[in-house]
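S.K.: What follows is a structure written as structure tokens; I'll ask about it next.
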Amino acid sequence: MRYRLAWLLHSALPSTFRSVLGARLPPSERLCGFQKKTYSKMNNPAIKRIGHHIIKSHEDKREYRGLELANGIKVLLVSDPTTDKSSAALDVHIGSLSDPPNIAGLSHFCEHMLFLGTKKYPKENEYSQFLSEHAGSSNAFTSGEHTNYYFDVSHEHLEGALDRFAQFFLCPLFDESCKDREVNAVDSEHEKNVMNDAWRLFQLEKATGNPKHPFSKFGTGNKYTLETRPNQEGIDVRQELLKFHSTYYSSNLMAICVLGRESLDDLTNLVVKLFSEVENKNVPLPEFPEHPFQEEHLKQLYKIVPIKDIRNLYVTFPIPDLQKYYKSNPGHYLGHLIGHEGPGSLLSELKSKGWVNTLVGGQKEGARGFMFFIINVDLTEEGLLHVEDIILHMFQYIQKLRAEGPQEWVFQECKDLNAVAFRFKDKERPRGYTSKIAGILHYYPLEEVLTAEYLLEEFRPDLIEMVLDKLRPENVRVAIVSKSFEGKTDRTEEWYGTQYKQEAIPDEVIKKWQNADLNGKFKLPMKNEFIPTNFEILSLEKEATPYPSLIKDTAMSKLWFKQDDKFFLPKACLNFEFFSPFAYVDPLHCNMAYLYLELLKDSLNEYAYAAELAGLSYDLQNTIYGMYLSVKGYNDKQPILLKKIIEKMATFEIDEKRFEIIKEAYMRSLNNFRAEQPHQHAMYYLRLLMTEVAWTKDELKEALDDVTLPRLKAFIPQLLSRLHIEALLHGNITKQAALGIMQMVEDTLIEHAHTKPLLPSQLVRYREVQLPDRGWFVYQQRNEVHNNCGIEIYYQTDMQSTSENMFLELFCQIISEPCFNTLRTKEQLGYIVFSGPRRANGIQGLRFIIQSEKPPHYLESRVEAFLITMEKSIEDMTEEAFQKHIQALAIRRLDKPKKLSAECAKYWGEIISQQYNFDRDNIEVAYLKTLTKEDIIKFYKEMLAVDAPRRHKVSVHVLAREMDSCPVVGEFPCQNDINLSQAPALPQPEVIQNMTEFKRGLPLFPLVKPHINFMAAKL
């Protein structure tokens, strides 16, 4: 695939050509800017410039205005009278590249500290509490060049939130006690990443360049860099924070995006009032004209040992900063070709040789002044033995591009694809939208900020050739990641401990690559037949319903249909679940269902890639009930792709070589689960404990040896022999077309796979374990990789119903912010602290998830202590405060989906849970508004208090790798620490030694009854 900006270097942490833009409409008809109100800068000396003509999509109904304040802050205002949430973001064009050399992570630490009190609002959780009480949320991130802060809040409370937010940049406190505690949060955040291959590889890339270049810095920071070493060197970190903020948090390096229901004039006045006082220190914009990879860092090979059993090849070329060429984007053009996955592509040839599975290519951001061009592949076992040959093929393909020269029709196709994507772009959630815009305001003229990353305007063959000229063997760096290098390395990266070996690439290998000749198997892509040409929005049918309606109900299928009446874009979502009793009957069958679909997707890749480029994607995966298929995007060519997928499903022939490769990759992925985070392990074990049937990773690994090619070939017709299909077709589609699509799916399966219907008795869902009253169970396991503990504590409450859902959700709303403030900010238990509802198979409860260096039984005691404090907090809560929480939860629940796929996902969730409560939000919010404080206190005392008669609790304790054992319960007196509330004395829990025996001894809940009476709903 073409490398996209969101994709990191490493996997985490995808001519006579007809125009599709309405016969090349003039710009005034394709795109439009607003100038509905004439707001003159003469009205206010705080405004230096106003940009009225923000170019936007014709489909975008929001109003925009750009501002440059007198102090240099760039602003984009977005007036959206329909938004449920308002949002704002501020991006400071400073990041970890500007950290002082002796305090690594200071910019990141500064980001953390700004949340913890300001002169105007000194209470350290004032900002988060205000947002929580008004259905809001916030976050921030620090990168090499940016520190980005953002929030959302109910639309009525934008001004209050923005006022608190603005103080971050005017007068933060950097309180000493907060500083001492928050350094632990940064350290915990780093500790979470230490055994993560994505973070390790990123830091190693930085560490193997010029050590004097800012790119080489350790950006996250940890306790050593932010406390221990500064103390040793006599550095006052609080003073350094104040100095960093006063130096770099300058208005001329800031950009703001604000989105609200208010008019543009009101938004203008609000921003001017709150941000015009931010001081302009005229800080020069940091630029890095020298590339971190100089001649001595090129023609180098790095052999790297990963934590997980992965095999990757990273080929990197230093290139100049191409940012200023955004209107022609030569990196995009080359990434499109080198990263192509169709017939004749580089990936196609490498896969045919059995050397790689995936490929990503394209430009990668560095910082102002430098970039990289990357070609990354996932290696097979055979591919690891042919790295030189793989890179030779890369240079053969690059040579093909040189020989062909820049092709204007390819550029035109990219231009048209991007223009369609921009014109029919889905509406984003406000928080993500403002954060992104604030970040890119630094790079583009105000008028072009919405279009710059989409619209291509100038075909510049000279720039394409300039970048192509950088993709040469003498300009290359190569990194190979494989467990096979264990014990063969001689270097260790400082911050993450990554083991690696550095070697110069031999001259004869460089010469071999330089002499790469043309490979006749490489071809430029064919013209993309999936680019949509019909963008007609269909008229709403007379019988259109506000929610999905059942338009077909037979022994073979249930078809739900909903014509889009909200978004009016030429898109649709087609969701199918194929129920089969053979898909999950045992670990062997689960493995075979997985491999069948992985091989199927692998064989479809060349065909479906063109559709993906044209905005039409599909997802296919095995589930515990069978198979799930979704096809999303422009509806014009959607049936063509769907038909191809179903035909392939029904007639699939397995390629033996790909079978062995994908089976081996699957085994590695099962083994790699051991290296997931402790909190993820805790969630995994809890699911195994609570679900009636769930196969473990170990059971799947053991059964995988029994999956042979003949056995898998025999399994596929068995899987397809009897099915029940439940589908939701939703979007720019008619009822008749939906029925036709469903008939095509059924006919194809019947014709090629001789599929017959399932019996109704075979459509029963799995159920959830029912915990006994006053029961407390503990399950303990150890994580072999990470040096942190993880815990999930689950208080099972009851079956889902309108009343039970609202009791639980309102309680979660009330405790959410205090939980974070108490357990993370004040007690510093760890970076990951979460509370909220857990729902599975119609059963629900309250859960806490924590990852920490502290032992699980201590975390358990702190959660219990916190719950006791919340009982008093709720009892003492004023009616006004209680009603704020009800209103906040109501706003969250009634927050409208921003795009078709999000609305479809809500409806699909109702269908696959077999609850079918499509109007759930309105029904439950109406009930929510009747609740009283006494209802919640009663819910707590009955279900959650230590002595509650209907308390049902299970805890999963995941021990750190260096812990051999740990008590499941303990007492931790807090008299010596006045900041800690006293934990209750806990009874001795029942320790689960065997999952099967645990489940065998307990009853199961019944399934939740559907909201719809299907006998009445039948046509």
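These residue numbers are counts, starting from 1, taken along the chain as shown.
Every residue gets a Cβ built from N, Cα and C, even glycine.
Below, the features straight out of Swiss-Prot:
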ACT_SITE  E111  active site, proton acceptor
BINDING   H108, H112, E189  Zn(2+) binding site
BINDING   L359, V360, G361, G362, Q363  substrate binding site
BINDING   R429, D895, K896, P897, K898, K899, L900, S901  ATP binding site
MOD_RES   K192  N6-succinyllysine
MOD_RES   K697  N6-succinyllysine
MOTIF     853-858  motif 'SlyX motif'
S.K.: May I ask which of the recorded positions G362, K697, K896, K899, S901 is closest to H108 (Zn(2+) binding site) if we compare their C-alpha atoms?
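M.R.: Result for H108 (Zn(2+) binding site): the nearest of the recorded positions is G362.
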S.K.: Determine, using Cα-Cα distances only, which of these recorded positions is closest to L359 (substrate binding site): H112, K697, L900.
M.R.: K697
S.K.: Across the motif 'SlyX motif' (853-858), what are the DSSP residue counts per state (helix, strand, coil)?
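M.R.: Output for the motif 'SlyX motif' (853-858) reads 3 helix, 0 strand, 3 coil.
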S.K.: Give the sequence-ordered list of residues that share a chain with K896 (ATP binding site), lie 6 or more positions from it, and have CB atoms under 8 Å from its CB.
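M.R.: Spatial neighbours, sequence-distant, of K896 (ATP binding site): D84, K566.
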S.K.: Taking the Cβ of D895 (ATP binding site) as the centre, how many other Cβ atoms fall within a 10 Å radius?
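M.R.: Other Cβ atoms within 10 Å of D895 (ATP binding site): 17.
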S.K.: How many Å separate the Cα atoms of R429 (ATP binding site) and G361 (substrate binding site)?
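M.R.: Their Cα atoms are separated by 29 Å.
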S.K.: Looking only at the motif 'SlyX motif' (853-858), report the model's average pLDDT.
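M.R.: So the average pLDDT across the motif 'SlyX motif' (853-858) works out to 96.
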S.K.: Do you know offhand how many angstrom separate G361 (substrate binding site) and D895 (ATP binding site) by C-alpha?
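M.R.: Cα of G361 (substrate binding site) to Cα of D895 (ATP binding site) measures 38 Å after rounding.
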S.K.: Can you tell me which of the binding-site residues H112, E189, V360, Q363 is spatially closest to L900 (ATP binding site)? Compare CA atoms only.
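M.R.: In terms of Cα distance, L900 (ATP binding site) lies closest to V360.
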S.K.: Please compare the recorded positions E111, E189 by how many other CB atoms fall within 10 Å of each one's CB, and tell me which has the fewest.
M.R.: E189
S.K.: 10 Å Cβ neighbour count around L359 (substrate binding site)?
M.R.: 24
S.K.: Take the C-alpha atoms of K192 (N6-succinyllysine) and S901 (ATP binding site) and report the distance between them in angstrom, rounded.
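M.R.: Cα to Cα, K192 (N6-succinyllysine) and S901 (ATP binding site) are separated by 32 Å.
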S.K.: Across the record's ATP-binding residues R429, D895, K896, P897, K898, K899, L900, S901, the largest CA-CA distance in angstrom?
M.R.: 15
